[in-house]
Amino acid sequence: MKVIVDNKIPYIREAIEQIADEVIYAPGKDFTPELVQDADALIIRTRTRCDRSLLAGSKVKFIATATIGFDHIDTAYCREAGITWTNAPGCNSASVAQYIQSTLFILQQTRGMKLNQMTIGIVGVGNVGSKVADVARKLGIQVMLNDLPREEREESTMFASLKSIAEKCDIITFHVPLYKEGKYKTYHLADKHFFHSLKKGAVIMNTSRGEVIETEALLEALRSGILSDAVIDVWEHEPDIDLELLEKVIIGTPHIAGYSADGKANATRMSLEALCRFFRIETDYRITPPEPKNKLISTATYEEASLMIYDPRRDSDALKSHPGLFEQLRGDYPLRREEGAYRIVITK
């Protein structure tokens, strides 16, 4: 079995080389028809577009993307060509929740926002959105949920309309997949009409897909004061991001909200397990991220501990200083562990 692997997928080499007869590692953007022609499987990230132009005439039978999102896979073509694909749902949900929690603490510190007096609207309540809701409730924030597919499927009254969330929420955070058309279209879900309906002074966060928010409409909302702040981890036209938007946001990061080592290890494990199931391979391997240098966090408050473990301002400062290095900052991301890797002692 021959497998082509994105060379930025961590913790995979030892395991995949036990499984496959031949493994080739390549940058995600450099996957070509010639490279994949005689491969049996691909293990990719979002930078590899898997469609007819890449796959036609190849031997590829299986694709695993080590990501939650799968809009870079032409699923209709894969179905037509008999290619099985899989993603890694929920792999980095705790990582995104960590990013949101730290960002909320930054807003509290720097903007005087009293979190226990705020209402947050969570748009998209899957694996990630559910974790974010848990974090918000733990911090004493009132939570409103919007998820039209779930609302219709479950016939539940727990969900609010997007209009209601826009009008009532102090903070709105997006955790939806990208659908460019259809009943549940999310492309430019936050457009000028959405921003004009917002509660004045609201904060917008996006860690889902850049195209969920219309950039020019977001910029106008920031210029006019409709929004007080924005936190943007995903951008339209990545890696060629809008520099005015980067300058205006309080936190702007290079698509790394889900990039904890724990989340990456989960994604790699899920991709390998799916590969082994498809090819009916039995193997025994463990994928664990490196330990942090200092596992003991001793500080006066939980807020301080959270920001000691992960402070997104470091990533934001790096991108704002070097916006042309978007892909490099993302590809060479330093070790970041989640809270469970530490022992936290609150001294106050």
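Here the Cβ of each residue, glycine as well, is placed from N, Cα and C on the backbone.
For T67 (substrate binding site), the same-chain residues lying six or more positions away in sequence with a CB closer than 8 A to its CB are R45, T46, N87, A88, C91, A267. Mapped onto three states, the DSSP output places T67 (substrate binding site) in coil. The substrate binding site annotation in Swiss-Prot covers T46, T67, Y259.
For D147, D233, G258, the entry in Swiss-Prot reads NAD(+) binding site, with the evidence type sequence analysis. According to DSSP, G258 (NAD(+) binding site) is assigned to coil rather than to any helix or strand. G258 (NAD(+) binding site): 25 other CB atoms within 10 A of its CB, across all protein chains.
Residues or ranges marked as active site in Swiss-Prot: R209 (among others). Neighbour count (other Cβ atoms within 10 Å of the Cβ, all protein chains): 24 for R209 (active site).
Counting every protein chain shown, the number of other Cβ atoms lying within 10 Å of the Cβ of E238 (active site) is 17. According to Swiss-Prot, the feature active site maps to E238 (among others).
The active site, proton donor feature in Swiss-Prot is assigned to H255; the stated evidence is sequence analysis. A C-beta separation below 8 Å, combined with a sequence spacing of at least six in one chain, links H255 (active site, proton donor) to D233, V234, W235, E238, F326, R330.
Proximity of D147 (NAD(+) binding site) to non-local residues of its own chain (separation of 6 or more, Cβ distance below 8 Å) is seen for V123, G124, V125, G126, G129, F159, given in sequence order.
Rounded to the nearest whole angstrom, the C-alpha distance between Y259 (substrate binding site) and R209 (active site) is 15.
Note: the CA-CA distance between G258 (NAD(+) binding site) and R209 (active site) rounds to 12 Å. Same-chain residues with CB within 8 A of the center of the T46, T67, Y259 CB atoms, the substrate site residues themselves not counted, are R45, A66, I68, G69, N92, H255, G258, A267. Each of the binding-site residues T46, D233, Y259 was scored by how many other Cβ atoms lie within 10 Å of its Cβ, and the smallest score goes to T46.
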